[in-house]
Amino acid sequence: MNSLQSLCVLCSRLSECALELECLRFCDPVTLIPDMTNFRKNGVVIIHLFKTLFAELCHQNFNCASPVTIYLQILLKAMYNQVLLLDASIHQFLLDNDKQKYFENIFQLNECKQHLKLDLALNNYLTFSVDISTINDIEKLLCKMNCIFGLISPLDGINACSQIIEFLTILCGVCVVMKPEVFSETTTCLKCYEELSLVPNQGKSIRKRLAGKFCNHLTETHMVSNLEKNVDIIEKDLDFSTKQYGLVKEYMAKITNIFQQQLYSKPPHLQEAENTLINFDLFSKIPDTIYSLSEFTYWSKISESVIQKASITLNQLNLCHSLYADLQNEISKFLYGETIQDVFNFNEENVTNDDKLYIGSRFISPCRLVDIITNVSIKNLEEDPVFTKLAEEDEIQTKIKTLLNELENSAHETVPKKYVTHSMTQDHNLQQEIHIRKKAYYQKISESGYSKVMLCIKEQEALINKLMNINILGNHIFESLSKMMNAFANRQLQSLENFSADPFTYDDHLYIKNNLLSKKLPQELLPNLSQEMYRLLTGPLSNYHTASFPLSSNISMAYACDVADFLPHMKEDLAKCVEGTIYPENWMLCTYNKFFNFDGLHNINDMQRQMWNFIRELVLSVALYNDVFGKQLSIVKFGEETETVEKILLTFDSGSPLLFKRGTTTTKFNDLYSLLYFDLKTQCDPVQISQTKQVSHIPAPNLLDLCRQNENSIPECFYNF
């Protein structure tokens, strides 16, 4: 078993223990005191694991994070805190025997720690604060950090992610089941946007398309059904003596008998149609009437499935809740000698009926309640006079009955009946035509209104399902955190002092810059260079251009901007900046040793625009340099692996933003044009230059020392000066 497998096994075992530890919070402390020895043994194991692994996990995530290690760091810290809190609360309960105070301590009701004010520092020491209170806020902050990834120093970025992990420990605790107050079901995430990007937008903006969409990525909804029918599982867990105590056996029998009767039955016309169709199979001769009957039966079943009545009534669920509560009290009397009071029934008499509607029952599946609410809403709609009239004149039901009557009447006929008649053979009846058209118009209007109401009911049903069912913490937040932390870790320059320093002066910078200013960039290069700029600007969360089925870099950047709620005018500024131009004087704006320097800027928007300008100048200047001198310099982000021998590494670090790597030698630069001069100078071979005949050269290697082939065929007027 390798280390990753061992880590996964440990994570699985800890998750199992964490679930049991979370359940203890909801129990009556009276039930915990007799078994305190086992609790403390397990607590010692958790404390030992925390002291052994936690520091190493933090170090691992600081250098090379993964979703599993981040989750383990959160889980270990939360379990450690929970064990200490439980032990202290039980000890206090033994002294004062106050359950009210015990539950207040366990659930920390007198304090609120679910808020974080995160301070984020940028490259020019500009600091701003972000308020976080939900998982959605964390995901949105990561998306915004993704857009300004180049403006955040690696150390500040990793520290911010570490604070987020600490806050997740408080927010989530030991249980992966999320509390309703720690997430917003209608706030979408990056994955929601990715799903919408796969379907046509029908001319709607992304904000309109995302409005009303339920996010099932940050928290994944798990439907709980048939919880009330699992009395047989309880019966298997009880020993024989417990089953024979008091009314335990009687209560379990009553719960089992509640759901024996099913209230729903098919409509009579549908049952009769199915009995008729059962006589026809694949090899039978199918008359037109039978085919029509089958088709109308199909559509009738579809409509019945939409308005099908629930098989369990609200009275049955209320009775089930009462019987389960009585069964719990009987079992607790046998095991502990008294009726236990867990957190669910503690002060239950103070809960109003309206509150109970939101609280629900721990013995009843949320899906059952949602189904009942939905069907009651549909039933109330169908009792409206308009829809009652429509139900009486159900066209599909009428046609099925007509076809059944025709089949019965024509059972002894030898000649099949023709169902299609020519309209010109019928007498024209104006009043009948008006009545038919009016009825068709009313039918169309009614069906349209009914469809809209049904759509609204289904949307509300989806919302209630999201709220009432179990929501498990998804892995999307851990994946995003690990990607962000690894991207910052790759940018760390631990060995920066080992790199050679820039050996050139302002004259060298000016020499390259002045010579490039007299040239023009080929127009046909601009589209590819724009993609190159988008690639360098895109953060680690939206690198779709590196996927197995890659998208273009501009789409990756567009996704990042949309998810981070970029303002439209900022998107326009970015697009105009990246468009580029063939004239160097429009983009060569950086002064000597000021590349990626943001001094004097005190606004995030201005810093973003300045970063875009720096990236544009880097990409276009290197492209022009390659075109003029026949070079093949490439630009990559620091930490990315490429097979290129000569490359420029973009570090996004204000101290040393550029590194030039040739083979195993790396030199750091604060100036772009000094870097280009370094490449040009070190490529020249003075021995070859001195042996070249019939060509006049300046002794010192410089811009004019170009290597040409067949120089003897060049007229003297081009090189004699």
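Backbone N, Cα and C define each Cβ position, glycine as well.
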To which of the residue ranges 189-217, 247-275, 508-536 does Swiss-Prot assign the term zinc finger?
189-217
If the ATP site is taken as the center of the Cβ atoms of Y625, N626, D627, V628, F629, G630, K631, Q632, which further residues of that chain fall within 8 Å of it by their Cβ?
L624, L633
Give the residue counts of the zinc finger (189-217) per reduced DSSP state, in the order helix, strand, coil.
12 helix, 0 strand, 17 coil
By a simple count of other Cβ atoms within 10 Å, which of Y625, F629, the binding-site residues in the record, is least packed?
F629
Should D627 (ATP binding site) be counted as helix, strand, or coil on the basis of DSSP?
helix
Can you name the residues of this chain that are 6 or more positions from V628 (ATP binding site) yet have a C-beta less than 8 Å from its C-beta?
N515, L516, K519
Packing count at N626 (ATP binding site) (other Cβ atoms within 10 Å of its Cβ):
15
Sequence gap of 6 or more, Cβ distance under 8 Å: name the residues on the same chain that satisfy this around Q632 (ATP binding site), in order along the sequence.
N626, E646
In this structure, which of the binding-site residues D627, G630, K631 has the fewest other Cβ atoms within 10 Å of its Cβ?
G630
